[in-house]
Structure formats: C-alpha cells, structure tokens
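Pulled from Swiss-Prot:
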- Asp29, Asp31, Asn33, Tyr35, Glu40: Ca(2+) 1 binding site (BINDING)
- Asp164, Asn166, Asp168, Lys170, Glu175: Ca(2+) 4 binding site (BINDING)
- Asp208, Asp210, Ser212, Tyr214, Glu219: Ca(2+) 5 binding site (BINDING)
- 16-51: domain 'EF-hand 1' (DOMAIN)
- 63-98: domain 'EF-hand 2' (DOMAIN)
- 107-142: domain 'EF-hand 3' (DOMAIN)
- 151-186: domain 'EF-hand 4' (DOMAIN)
- 195-230: domain 'EF-hand 5' (DOMAIN)
- 235-270: domain 'EF-hand 6' (DOMAIN)
- Tyr214: phosphotyrosine (MOD_RES)
Amino acid sequence: MAGPQQQPPYLHLAELTATQFLEIWKHFDADGNGYIEGKELENFFQELEKARKGSGMVSKSDNLGEKMKEFMQKYDKNSDGKIEMAELAQILPTEENFLLCFRQHVGSSTEFMEAWRKYDTDRSGYIEANELKGFLSDLLKKANRPYDEPKLQEYTQTILRMFDLNGDGKLGLSEMSRLLPVQENFLLKFQGMKLTSEEFNAIFTFYDKDGSGYIDENELDALLKDLYEKNKKEMNIQQLTSYRKSVMSLAEAEKLYRKDLEIVLCSEPPL
C-alpha cells in the first residue's frame, strides 16, 4: 500500500507541463510496459474520479463499472482494453502537448520512418539527445507552437526519460516508435521474430543475389513474406503493402541497404 509520501500526482483537469505529465504516467504505468492496464487502470480511474469531484465536475452515473466502460469507449481508440501514452494525452491535455505535436507530424508509420531517416543522420540506429532536439524543434515549428531554448531542452529531456528504457541517453527505433499509436506501429509486428546479426546476414545475403549490398522493393516483399512464414505468423496483402512501404521509407533511390534493414529486423541495432 502506498503511504502518505507516495500519493499519486493530483490529476488536475487543467493544463499540465511535460514534466507533470511524465510524473502521472510513470506513477500509473507501474510495470513500465507502455500501457495502463488491469489494476493500474483501475487505480488511475479512481484517481481521475477524485480529481473530477474535487474540481466540481459531476458524472452522469455513480456506478464505477459503468463510468469505466464509458471512459474506455471514449479514450481507448484501438479497443484493446488498455490506455497507451498517446491516448492518455487526450485525457490529460498538456500545456505543450508535445506528444500530440509529435503524432500530428508522424501520424503514420511511413511518415515516422521518413522522419527517422532524416534525424538518424549517422545511420547508428539511434537518435541521440542532440538529434532528438532538432527533431522536436522541427515538430514544434510545423505545429506553429512557440518555444524557447529552456522549454525545448525540457521537452528533449522528458522524451528521453519517457522512452530511453535502458538509460543510455539514446533512443532506439523501437523505443521511439512507441510514440506512434499501436495500429500505426508496424514495428510491433516484428516483435517476437527479431533476428540475431548472423540470422539477419544470412537472410539478407540470400535475397541480395548479386551481392550489391542492397535489395529492391520486390526482394523486400519476398523477404518479409519469408520471415512471417518461418515464424508461423499470418499477414494479408494490405499489411504486407503497408509494412513494405514503411520499411522502404529508409531506402535511397529505391535501394534498401543492409544497414537500414538491420535497424528494423535485428534485436540490436548495428554497431
């Protein structure tokens, strides 16, 4: 049980700073899996109800179960019974609303990969703090949101604290992709079938018949189908087209190089 010193941040239904938003998220996502679910969701909802009553808001129903059902219908956009960070941003609007700014700019996986390509300039498989800062600066300009240097620094540090799961000061592609809504996050589809460097090199070499160091769109098509079949997973034509388009966003002149595909398919980004 939480003691008096461990009470959750008060859920004011007013504007929040990025730091306050993070405090609320970290408190309720106790297991750090990127969702609020189960008991976490129940605790979150109870605190939300307290905050609403504290601010004088009146609910239509006194039944907690009915309120939760109504709440989930409104905010659980992909109907998975969980609340993800981007969904929570709608419930608790932040002063800066940097998450929604981000999603507005990279609302699809294809746009996300194009943005990733632009800012992962050294092809390391990571966006580092200085690259992330430029990324966020561009997003804020695109959304016509005024900001100063200290505020931009706060956004950068907040995003790092949210998504830098191993604390190395960098954001990997899979970490950064958590900013996308689940239905747009094609990278999640490759979870559970990530390849070791040896496995990846073998499959890439198989499809790179001429040893050019890159594959084209048709070869990627075949590679993805092969990968799914080997892992006994189903994928329809629409999904295949979507995944291929997203991955090809990393290509140069329709050429997808080994290092770019390795970022997506390997369990660890290339060294």
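Easy rule for this one: first residue shown is 1, then count along the chain.
Including glycine, each Cβ sits where the backbone N, Cα and C put it.
In the domain 'EF-hand 5' (195-230), the DSSP tally of helix, strand and coil residues is 25 helix, 3 strand, 8 coil. Between the CA atoms of Asp168 (Ca(2+) 4 binding site) and Tyr35 (Ca(2+) 1 binding site) there is a gap of 22 Å, rounded to the nearest whole number. Residues near Lys170 (Ca(2+) 4 binding site) in space but far in sequence (CB under 8 A, at least 6 apart, same chain), listed by position: Tyr126, Ile127, Glu128, Ala129, Asp164. The 10 Å shell around the Cβ of Glu175 (Ca(2+) 4 binding site) contains 19 further Cβ atoms across the protein chains shown.
Here the domain 'EF-hand 3' (107-142) has, by DSSP, the following mix of helix, strand and coil residues: 25 helix, 3 strand, 8 coil. Taken as a whole, the domain 'EF-hand 5' (195-230) shows an average pLDDT of 87 in this prediction.
For the recorded site, Tyr35 (Ca(2+) 1 binding site), the DSSP three-state label reads strand.
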